[in-house]
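Below is one structure. I have some questions about it.
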């Protein structure tokens with residue numbers, strides 16, 4: 001039988017390893033649907049472009065796991081809350097931190113930006129909600145009323161109300177200007193995970209762990225609809241941009257709801273597991289979920305999803321169902337009145353007055369401690385090309401991120417008969433999209449290959465990719481031509497890589513055999529496989545013996561002798577292993593260690609291996625922070641009267657350290673010109689070593 005190809009409704013777009021430790025939170029940019037922020041237990045916030053394998057930017061500064069993230073409406077800023085209760089706000093276009101906000105006593109569990117002003121709201125596990133003025137760097141008002149963690153916050157489109165969902169099974173509506181609660185919805189029987197305002201009308205949707213989605217009338221403050229039949233906890237809800245229907249995301253399922261009367265238009269089974277966020281772009285729904293260190297993107301073609309009462313074979317054309325005899329709320333319900341100007345301080349006047357009455361006194365001016373925290377935060381651009389394309393476009397009037405994106409093409413779904421499984425299938429044409437640097441799709445590439453099943457690729461996230469190759473095709477029938485020039489190699493071998501060094505995977509692909517070539521014999525094949533194995537065994541055995549020797553000295557409690565032993569072995573890998581342990585416990589550092597290890601640090605900073613460079617930078621940073629004041633004071637002190645052997649020994653050690661640090665300053669200065677994470681680290685070291693030039 002012939003092979004039948006049909007376009008599918010939903011598919012997995014991509015899966016990546018987003019963090020070095022477990023992912024703890026993520027969010028999609030709702031404006032473009034093409035930007036993703038992920039937070040992890042590694043205390044980092046990583047920024048991604050949907051469908052691109054490499055991280056664009058990595059934001060650091062938090063000292064505990066990131067509990068919640070949110071973009072603003074223009075996707076130019078991102079705020080992240082940590083488990084320690086602190087908030088950090090970054091400007092993505094300027095690649096710098098704007099604010100560090102402190103005040104919550106427990107972890108941040110929800111965030112949202114005000115749609116028209118420099119305000120943001122945060123909810124915490126401590127059950128409090130706080131409204132922050134980013135410009136004043138302080139808390140404007142605190143809303144109290146929930147008894148358990150606040151899981152979701154949402155501002156109304158006109159910016160006058162704030163809705164909050166909590167583990168206490170309630171949804172509360174707050175008046176921002178009056179600074180008080182308007183009403184409370186209590187129909188849910190379990191924790192409420194998400195709330196969402198209708199884009200135009202006075203409606204509010206909520207999704208709960210009780211497996212229901214409820215709709216609330218914000219004029220009469222009553223429930224007008226409740227879903228039935230959800231198979232799992234409702235983790236995300238989203239109104240269609242035109243407000244015609246409501247999407248609900250639960251475990252492996254997307255449902256489409258209407259209201260007045262209540263009805264479920266469609267159910268789409270998607271293998272996304274526990275979906276975390278939804279966004280709509282180009283009539284496609286982009287969904288994300290995470291598990292451990294992995295993040296997965298999914299796409300649902302909304303053209304093939306039923307969003308009303310009529311359906312036509314193939315693509316679904318939405319037509320409104322006949323209106324019932326009673327007037328529908330969708331035609332008579334009040335709409336939001338959006339102000340033409342941005343939210344000003346006058347609108348929040350009452351809230352500011354309430355802040356003055358607040359017993360906490362959280363409104364404060366920037367202090368030296370805040371400035372120190374801001375300096376400790378950084379934005380590491382790990383993919384400069386994508387960063388400039390998305391956040392720093394050449395045209396001043398273009399939006400950021402770009403809004404004119406093409407929809408993701410759906411893969412082909414193959415239907416096989418039993419006879420097809422018994423013999424090789426016919427050759428079919430697979431259409432592969434080509435994605436340019438802006439994340440937009442170019443013309444497809446057509447290739448003829450026998451394909452059984454196409455699965456998405458799991459891509460490990462590298463802090464800095466070795467090379468970025470962009471392919472383009474002018475027509476479907478033309479072969480792909482690599483139009484980009486290869487970047488000059490930095491000579492650094494990344495510590496996080498997904499292929500062995502010096503091994504070309506293409507050598508293992510099948511090639512056309514030369515007719516004159518003779519088949520390789522069994523003995524020759526085994527010899528080829530074992531080539532290099534004996535050398536590797538000897539090297540690993542030697543390294544194991546060296547580590548055992550260092551460990552035996554370390555067990556006696558003599559750190560200096562064990563480090564000298566590692567240095568004498570003339571093996572940088574042993575030195576790196578010992579330094580990594582000492583760096584974890586800075587109290588082990590002594591001035592004696594500095595004189596022994598500084599020459600080794602110079603070698604580490606010039607190494608080809610990223611892990612060696614990182615260890616060397618960390619060790620040098622600790623030495624400068626802990627011992628530079630002592631070295632400087634000792635060398636600048638006037639000569640003492642009499643003989644002081646201890647002081648003389650200390651003076652000689654400080655003099656030796658100073659000489660070695662001067663040599664290292666030239667290495668650091670040359671390395672500071674690099675781009676990306678290493679460049680920022682060396683520039684930080686250059687600042688710490690600035691006193692050496694005086």
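The count begins at 1 with the first shown residue.
The backbone N, Cα and C atoms fix where each Cβ goes, glycine too.
For 18-58, the entry in Swiss-Prot reads repeat 'WD 1'. Taken from Swiss-Prot, the feature repeat 'WD 2' covers 61-100. The feature repeat 'WD 3' is assigned by Swiss-Prot to 103-142. Positions annotated as repeat 'WD 4' by Swiss-Prot: 145-186. Residues annotated as repeat 'WD 5' in Swiss-Prot: 188-226. The annotation repeat 'WD 6' is assigned in Swiss-Prot to 229-269. Residues or ranges marked as region 'Disordered' in Swiss-Prot: 319-410, 470-492. Annotated compositional bias 'Polar residues' per Swiss-Prot: 327-349, 482-492, in sequence order. Per Swiss-Prot, compositional bias 'Basic and acidic residues' is recorded for 350-378. Sequence annotations record features per position, and here Swiss-Prot assigns compositional bias 'Low complexity' to 470-481.
Could you give the neighbours, burial and distances for every feature on this list?
Note on the repeat 'WD 2' (61-100): its mean pLDDT in the predicted model is 90.
Residue counts for the repeat 'WD 4' (145-186) under DSSP, helix first, then strand, then coil, are 0 helix, 23 strand, 19 coil.
Long-range neighbours of the repeat 'WD 5' (188-226) within the same chain, counting only residues 6 or more positions beyond its ends whose Cβ lies under 8 Å from a Cβ of the stretch, are 148, 151-157, 161, 163-171, 173, 182, 232-239, 241-243, 246, 248, 250, 255, 257, 259-260, 262, 329-330, 333-336.
Per DSSP, the repeat 'WD 6' (229-269) is made up of 0 helix, 22 strand, 19 coil.
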Helix, strand, coil: count each for the residues of the repeat 'WD 5' (188-226), based on DSSP.
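Residue counts in helix, strand and coil order: 0 helix, 23 strand, 16 coil.
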